[in-house]
Amino acid sequence: MADHDAKEEQRPLNQWRRSKGGFMASMFIFVLSALDNMGFVANMVSIVLYFYGVMHFDLASSANTLTNFMGSTYLLSLVGGFISDTYLNRFTTCLLFGSLEVLALAMLTVQAASKHLHPEACGKSSCVKGGIAVMFYTSLCLLALGMGGVRGSMTAFGADQFDEKDPTEAKALASFFNWLLLSSTVGAITGVTGVVWVSTQKAWHWGFFIITIASSVGFVTLALGKQFYRIKTPGDSPTLRIAQVIVVSFKNRKLSLPESHGELYEISDKDATAEKIAHTNQMRFLDKAAIIQESSKPQAWKICTVTQVEEVKILTRMLPIVASTIILNTCMAQLQTFSVQQGNVMDLKLGSLTVPAPSIPVIPLVFISVLVPLYELFFVPFARKITNHPSGITQLQRVGVGLVLSAISMAVAGIVEVKRRDQGRKDPSKPISLFWLSFQYGIFGIADMFTLVGLLEFFYRESPASMKSLSTSLTWLSTSLGYFLSTVFVNVINAVTKRITRSKQGWLHGFDLNQNNLNLFYWFLATLSCLNFFNYLYWASRYQYKREDSGPGFKPLGEMPLKRVERKQDCEVSRE
């Protein structure tokens, strides 16, 4: 009878869910993803040339400026994720940061169009100063904040349109991440061809102007779909919940854990709407935060639920996975900096057409746009029959494939650079074709298809309900740290090799790639990637996936006998 009443109570909620969300709502998000990513990727692959040719940074400084900007963009996604989990809903957060992004793009457009806002060439590593520097760095900072905030909330908002507890929608959720990648890829193809061509062949301000209009249309489209969305209200602060577990477990450090984890404090089974996560035996010291003491009341900073403790365990288990993907993103940074600069001194002719060097990433993007539908429509259904997994293979298996391919990409990049440099030194008037770069771009494009979707789905599925945006942003945190690490590697390797080489010149010094040893830098990254893969295997093989608690194994406070715990003897005296 009770079960029947519960089902009747849930019926209006289920009907509401069916009328909202799903792929109908996701279509608006796919449009935003395509239009916003069009500008994001166009800037990512070409703006290094804007820094070099218009703002007069040297090779290393222009590369570092881009990697610092990209690193900040992805790092600031944590801000968007935190705000959308805690204060504003994900829909509002996305629109708020979107307005900052459009403002920053407008500022870039104005500066690119006004020659009196360009610095004079000075022959130094950076020539930007004074008011020009203020406008330049303000626009970059606002753009990083806006784009980061959007990425920190948009992915989780799209995934919210599917109920992962429903078997049918769980499969749809796995498909959502693949189609989200496809939509962003379609936008990126437009960006690296049409927008990049306009920027490099016509004028930079026209390229920025197109990006500004496209992003504006994307956010307007997102707003128009409001009536179709499932908009989840934000909950407690994720950082506060984490801090509570750490503080309470430290306070209870001298207490002994009960023999059965069923005697730990958990929310009532009557609360059907609250997520409950099953207990795990890893990191048992954190379980002390859920020990029930005499006259204990469910108050914050005094006792935590098992679910709250498990949330901290989940995030802790995720951290090695995040760390294991940083090197991959460092490799990706090279394809947007040094590989673009390589292409700029290669033969850009394709018949009678001159191809802008930053447009070469269209090759892996075309690969992805073809492979994603094949993967989703053929491989996933086939793999599901074998593994019974909604995604076909696990998310961590997808990431592992991507890590292997990224190492191969860097090894190939080094080989191609040797061929390019040797020809450049032999006869600079007859450089090799730009499309030699398609090998490294193509291999890494496939790697990115596996890794990015795998990480996004992994962090969303594994994260607690109250931390979906923040946890999904861990994907972008890894990307951010990869870009920052690229800057560190460039500076450190230049400094070290300057001392140990006979020429007393660093591997990546000056303005002339033909006098550098970029191939050695690529092979250095390939070696690191191989070592990193074995590190990843260690952590991935030991990762314990989240299980929701579906049974009455835990007793809520007030429905179980209390045990008085004496600290001095570290023993329990029953009051039963």
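Counting starts with 1 at the first residue shown.
Even glycines carry a Cβ here, placed using N, Cα and C.
Annotation source TrEMBL lists transmembrane segment at 21-53, 65-83, 95-114, 134-152, 173-197, 203-224, 318-339, 359-378, 399-418, 438-460, 481-500, 520-539.
Note: the stretches the transmembrane segment (95-114) and the transmembrane segment (438-460) are not in contact (fewer than 3 CB pairs below 8 A, sequence gap of 6 or more). Using a cut-off of 8 Å between Cβ atoms, the transmembrane segment (173-197) and the transmembrane segment (520-539) share fewer than three residue pairs, counting only pairs 6 or more apart in sequence.
When each of 134-152, 318-339, 399-418, 481-500, 520-539 is scored by its Cβ pairs under 8 Å to the transmembrane segment (65-83), the top-ranked stretch turns out to be 134-152.
Scored by C-beta pairs under 8 angstroms, the transmembrane segment (520-539) has its highest count with 399-418, from the stretches 21-53, 203-224, 318-339, 399-418, 481-500. Tertiary neighbourhood of the transmembrane segment (399-418): same-chain residues 321, 324-325, 327-328, 331-332, 334-335, 339, 342, 436-437, 439-440, 443-444, 446-452, 454-455, 458, 518-520, 522-523, 525-526, 529-530, 532-533, 536-537, 540, selected by CB-CB distance under 8 Å and a gap of 6+ residues from either end.
Touching of the transmembrane segment (318-339) and the transmembrane segment (134-152) is ruled out by the presence of fewer than three CB pairs under 8 A, sequence neighbours closer than 6 excluded.
Long-range contacts of the transmembrane segment (481-500) within the same chain: residues 60, 63-64, 67-68, 70-71, 74-75, 325-334, 337, 506-509, 517, 521, 524-525, each at least 6 residues beyond the stretch ends and with a Cβ under 8 Å from a Cβ of the stretch. For the transmembrane segment (359-378), the residues of the chain that approach it from at least six positions outside its boundaries are 41, 45, 175, 178-179, 181-182, 185-186, 188-189, 192-193, 196-197, 335-336, 339-340, 343, 434-435, 437-438, 441-446, 448-449, judged by C-beta separation under 8 angstroms.
The transmembrane segment (21-53) shares the most Cβ pairs under 8 Å with 203-224, out of the stretches 134-152, 203-224, 438-460.
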